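Only one structure is covered here, and it is reproduced in the block below.
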């Protein structure tokens, strides 16, 4: 019998298994896999606290590099975990801002709908010229070129507002209808918006009006109407429209702004949607946007482009009740009349010196009989003969006499000569030059500089189209008229006949503004004007020249070798245009190619400039030079309907003269209380007629208050010429200099 074999006893879990032999072979491929232990060592885990907002999974984290909040765009600062970041889409916000996020996390299961307008982007690779941070994760975009991407559809950041504005008689009527796409300002993702309006400048806020507050909405509807009185000297002011968010516990938050010139409102009624801008931009600009409800859907699914606004014409019909009122500040139409047979030095009284240059001086002169004021440039023939520069005097006369010139170039009334001198009688631009004004304020605000630069560019476009290089653009040669618009003066350095591919080598210009190719004695063309234009623009923005040196040699070396440093206060667009204009290679310079005009007009620095309206003088100037008289306050009367009443009141006033007016620097007049009461009883247009008739024979700018005292204090007497040199001059060299402009339209402030 066989003995039964008992099964082996199971090993105790505490009994160690027998160790394999040291000589046992490695497990073969046919061997069973090693047994994985049931228990393994694992580190302890601790989940972060997650705050869920709109499907975003926000967690607090520490940022190793400078990071900006993607909601409020402020810097995220602090020690430790300064902000929140979504674990799904990496969206970064302040801890205080995470509740304000209004869009659904794009990486969540319930992501945004594909037809949502907020998710439709058209990204293009973008090169940023200054340090830029990502609008999503807040991190710095590193690299020299192609650092990130930019959406081409992102044009509306603060929303839009619908306004209807018209001017009638001496009142401005404003209707605030609605707004859309406003920024969320409250924790619930909504806002409490209201609209605040006033005429600026208004230090005491006497004209401020505002709408009611609409609670908890991003698309409020107001439909409220307001009236502003613009009686008196208010035609150069602007109507400011600002949208604010009301807050019960803290100060109200700014949401967007825009503004309109009062003269612009009276020129034509305004109605439509307008983009809300930043506070500093909205003080000077308004950007119309198309009404989305009026756009027809495109069959191919493309986004319709905004319709171009038709140019304003006198025959353009206006809706009933919105007929444009006459512009009080507009100069009367000029009809060319018969020119004088001859004009000479005896026709003028010289009052003071306005400026001096390398070749002569400019005098303020009064025409005898009419008391019109002119700026007379006087050149001595002996100086021109010694410098062999007689041709430049004739070139300047020809440039001044060009027809169809834009408003931004000074006009010539006449030119005559004596045995020893040449005289250019030009319009008197009484606002002074930019050098005088920048010495007072230090530098101009960017909207001011953009406005002046755009008007200067229009003048250069005209000269270049005529084959003329200016070659002496500087602050001293750019004047402001009584309304604050640009006037380019002094054409003594111009070169004619510079058409396409023509060059010259003459070394000339003001040292601070001379282009590198002139310093290097290389052939140059119209690109030198855009270099000077860039230097002038930099000076207006930064308040200092881009290049300097102890003497001319060091200055020229700086122009040739040094790079320009840009203040941090300049915007990205300002730095971009200055870098383009101050490129040392003329072929690569902004404006140096065949498409110079298009490149300048389409540059982002001029993104708020409507060039057509600018050339028609429909954009009010941001600054109006000071004048000591009430000439600018006395608006031209309305037309035929008040002429008879004006004549009737004038006859009655002959028997009762009004007391003399006392003029003060602000242009206001003080009269006796009794006469003031009598004047208030008259209709408004008749009161202006009375003021026009009674004002003293004092014209704006007669004292040269906007010009440097260094010049105006100098004697206006003409110094004698050298008789020996005069005897050697051939007067035939100046043949054809005498000229009289039959189309000269005098300024309304300098004409009787």
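Cβ atoms here come from the backbone N, Cα and C positions, even for glycine.
What TrEMBL records for 55-105 (among others) is domain 'Phorbol-ester/DAG-type'.
Below 8 angstroms of C-beta separation, residues 63, 65-70, 76, 83, 85, 89-92, 572, 575-576, 579 of the same chain, each at least six residues beyond the ends of the domain 'Phorbol-ester/DAG-type' (120-151), sit close to that stretch. What TrEMBL records for 120-151 (among others) is domain 'Phorbol-ester/DAG-type'.
Residues belonging to the domain 'C2' (157-274) score a mean pLDDT of 88 in the model. Summarising the annotation, TrEMBL assigns domain 'C2' to 157-274.
If you look up TrEMBL, you'll see 185, 186, 192, 245, 250, 253 marked as Ca(2+) 1 binding site. Residue 245 (Ca(2+) 1 binding site) carries a strand DSSP state (E or B).
Per TrEMBL, the feature Ca(2+) 2 binding site maps to 246, 247. Taking a C-beta cut-off of under 8 angstroms and a sequence separation of 6 or more, residue 247 (Ca(2+) 2 binding site) has the following same-chain neighbours: 185, 192, 253.
DSSP classifies residue 251 (Ca(2+) 3 binding site) as coil under the three-state reduction. Annotated Ca(2+) 3 binding site per TrEMBL: 251, in sequence order.
Residues or ranges marked as domain 'Protein kinase' by TrEMBL: 348-606.
If you look up TrEMBL, you'll see 354, 355, 356, 357, 358, 359, 360, 361, 362, 377 marked as ATP binding site. According to DSSP, residue 356 (ATP binding site) sits within a strand segment.
Of the chain residues outside the Ca(2+) 1 site list 185, 186, 192, 245, 250, 253, 191, 246, 247, 252 have their Cβ within 8 Å of the site's Cβ mean position. Note on residue 245 (Ca(2+) 1 binding site): other Cβ atoms within 10 Å of its Cβ, all shown chains, come to 19. Burial estimate for the binding-site residues (185, 354, 362): highest at 354, by number of other CB atoms within 10 Å. Residue 354 (ATP binding site) sits 53 Å from residue 246 (Ca(2+) 2 binding site), taking the CA atoms of both as reference points. If you count neighbouring Cβ atoms within 10 Å for each of the binding-site residues 251, 356, the highest count belongs to 356. Nearest Cα neighbour of residue 245 (Ca(2+) 1 binding site) among the listed binding-site residues (251, 356, 360, 362): 251. Counting in whole angstrom, residue 246 (Ca(2+) 2 binding site) lies 10 from residue 186 (Ca(2+) 1 binding site) by their C-alpha atoms.
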